[in-house]
Structures are given as C-alpha cells and as structure tokens.
C-alpha cells in the first residue's frame, strides 16, 4: 500500500502530526523496533476519532500505543496506522478530590499533581514511566497499589467510533490486565478518585518509595521494566535468578544482573535478540520449577 497520498489525506482531517515510515524505537523505552507505515501524534480526542474513521474506510490496520514503556516492537515494524496517545492529550485538572486527565499524561505526572493538591492514593504511580491510557489497559501498579485502586471512570472511543463513559466496573480489572484491549476500545480521558492527605507526608512516602525502587532496579540502559508477570504467590525474578538467568545475553539484549525480570538494551539490541532471550528464560524456568511464565510486556509488529 502506498502511504504517501494516504498521509496527505489523513493530515487534512487532523490537527496532529503525521509521519511516514516512523522508527518505532523512538517511541518505546526499550529503544527497539522497526518502522510504522503511518504514525499519528493526535492533538486531541477528535483527531483520534477522525483517524480511526479514515483508517476503517481505507481498510488500514490500526495500532494504538501510549508511552511505549511496556512494549516490544518487532524488527519488521508495524503495518498500517499507529496512533500514539501522547503529549497532545496530557492535560490534568482537579475537581474536589477527583482528578481528570488526558490519557496521554504520564503516571509520574499524575502522582506529582495529586501530591501538590494533597490527594493520597497515587504513590504507586510515581516511579512508573507509562501513560495513563496504557497503564489502564494493563492495570499497572507498584508499591502495593495499582490503577484499579484509584480509577473512577474513563472516556473511550468505542466500536461505533463514538465517545462513551465507562466506570471501572466495566473494565474487568485483574492482575496486570483489563478488558479494554480485547474490546477494541481506545482510552482518551481518565477520571481518578483520591482522598485528602497531608502533602508533606505524601512527599516523604514518595521519596522513600523512589529510593527503594532505584536501589532495587537497574539504571542506565533502555528497558521495559518487568518482562514477565509474577506467578501467583511467587516472583518471576526469583525464578529466573534461581535458574542462573542473571547476566544471560543474546546480542545486545541482557538479563540484568541486578533484577532478573528486567532485560536491558546494551546499545544495539534487536527485538529478535530480546525474543530469543525471553524464550530461553521461559524454557529454563519451566524445566526447573514447572512454572510457565507469562509476558507482562506487549509484543507488536512483524518479524
């Protein structure tokens, strides 16, 4: 499919920017990935609605991403249109103890905003680099807290290309999952419920949490955080370490010697390097412990 003319048509419908053959490594925290045929940075939710309608009319596949912090894009890239819900949709406002935010805002921004307004419940978000939309899709969490604890409702673009409000009860939240993706819904706005809490206390708890997180997690190399979900009652990192997985390397992809559930990009790692390493770790853990690890990161694109 020739995307140059399609890019021009789409640009006439939206205010955000369109790129052709956009390297996806620029849009993931792993700094890995091939090119997207078409790439849209929407300026608002109407841009997304227009782009989805256009793509469906032209039979162009649609992929929606957030900050790319939990994402591995394969080396062959992504066919069709990639929509990045990002900085054009990152406004955050407050109403009483409720916070409204665009799905492109980042979790740390939400945590800082809540702290400045003396609202508790958002400490878990301080050290997670994901966007709010992406975090809701996977029910992101840390520090004994997660998205579903404080989310109130969201606005989605539904299957009929209409905006719809859904309360969190409609999202079937579970450990690191929701039903947003399987239903083909695109989160564009979010609403969160906090509670009154002393700002100084929030700041101190957040500093302590971030210090512990920094001490326990690798620093200095691109990564996607935890690669595998923790099995019930156990930790993926402990199982991988128990198999001697720390320090294993394929190409420039290496299992961190500090946290075995993290795979680092030492410089020029490819998606194939990471996938080979993932398969090897899964096999090692299953043979040693009888546990089949499940991916927490999402894999997109073509080989």
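Every residue, even glycine, has its Cβ placed from backbone N, Cα and C.
According to Swiss-Prot:
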ACT_SITE  176  active site
ACT_SITE  226  active site, proton donor
ACT_SITE  296  active site
DOMAIN    32-212  domain 'FAD-binding PCMH-type'
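Positions of Swiss-Prot features highlighted on the structure.
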| residue | record | CB count, 10 Å |
| --- | --- | --- |
| 176 | active site | 19 |
| 226 | active site, proton donor | 21 |
| 296 | active site | 20 |
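Here the CA atom of residue 296 (active site) lies 7 Å from the CA atom of residue 226 (active site, proton donor). A gap of 7 Å separates the Cα atoms of residue 176 (active site) and residue 296 (active site).
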